[in-house]
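Here's the structure, in structure tokens; my notes come after.
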């Protein structure tokens, strides 16, 4: 059997255990990582040949959740196996991808796949960080060309301090949750953060705290890599012929045609200019050598990239003429859709997003079956990016990874400002439709969603806005931070730094890079510039609507809440659900009962909701001795009569309690169907004794 090697490292108060050589031996590199009882297998593989026709680096990252990892048999009733990846799995795959991708040579055309499989999961340690570290080690010990390792860690903030590797409980109770990865030189190359109005200075201290902790992980992975010392495979790279490069450069520099094509405010005109220029270039290259066309197109892209970098770094010249910290024109509108419960239309330059709000009953909440936590979401944000938003044709249907990621980011930004269920019991769904995109559609979705929520009367704590920042760097020490990136800045830029929050702090942050990474000083400058832009956007939105409307839309359902004793729940439900179903059938209201005895009545109008409430209150009403009540005689016996009162309750009037005189025959006083006023005389062992004579005249 091949040799198995084991390594360990203390992370916070836990021990990370690494095992190599036991599982998945045919992969280029495979690692089993364990933190507590959470176990992840990461396998890295690379195809032997280049992907035919690929003009990009074909990297795929998959994150596989297995039901057996948590000891459950899940899936549909008829197919008891894993199906499509969950949103959590997709987001975790994106985390790994975003951290490792910048360290690959983008000229590689061999297919590379990283598969992280969760084999076991406990209730303390999230597998995402374990998977990121395992993927880094798998690539480092493999023969796949890669300039790693990366190291990743999660930190949380509780009260006034940062906590390393927080548990699920600490993350839930905390005010911030950050995942950060660094490259070999400890530059930050990926951030995913969310929290409740985190101050910029606290974020900076968090970045520093994480970097200090990540030093040990980087050295740990380097040591493992050095132990294996696997030679990297020699792969053919998409190289550029110097002769072709010179020919293309000469053609594009003539009369400044490339700069004239790129430096255009309108996206459509810019793309048209570039397409026309590329066609001219291809026609020119065809006269020289037809086989050079594909290479010439690659050089064309590289020269656009070079020019965008050069002009911003040397002249502060952006493609649309804005200054480095200038926002594009803003527009905000509410009430755009007449039949929704709220709507917001937000535009920033050529990026346009329409968000629609729907309020529903508590039963409309989304059930989330996570690997560790099973919960319900009463706030949902979903993001759609149709191909027409960028002037293209394409597939429509279920959301892709990008749409899920962008939707989750906007949801993370808004969630801290959403009222608690106890304060606002509605299920809240916001859908953001990207109608036109030219940069930062996820942050525009955050703004449009805020408008829709306030238009619909949802009592959010504060408005939220978002902005996408960028960076152009010379790869050394010179860089420029850009506010509100679009078009070429997004495509050719070196950093995408999305920041969302209120006037008082950051609620979500996401950073990706195309270079090795950035230092904390760069992030500090970007955060300060982002705050300035965020406040400008919030000021503009406030001109349209500054706070939530006081009333819900008349089209929204009405929810009434009642708190009953838990012992009364079965009375409201009834045998086989008979009582509650009768109430629903009679009133048309939806009724949700929680284990705590909290009842939510959701109705299309207030009248039916109040009717359902009155019935429930009557069912659970606590009667006491001495109460005078009205009931109906339902049964006559020799020694008395049974009277039904309230909802499903009854008691007996003994013959001696029918009248102040002696009664020979019960039917001399009452008959079945009679409505009578009686007094509760005794309640013993669940049985109620009534008196007709004591209620007389009351």
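Positions of Cβ are set from backbone N, Cα and C atoms, glycine also.
As given in TrEMBL:
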BINDING   490, 496  Mg(2+) binding site
DOMAIN    626-693  domain 'S1 motif'
Assigned conformation of residue 496 (Mg(2+) binding site) - DSSP reduced to three states: strand
Three-state composition of the domain 'S1 motif' (626-693), taking helix and strand from DSSP: 6 helix, 37 strand, 25 coil
Whole-number mean of pLDDT values that fall within the domain 'S1 motif' (626-693): 90
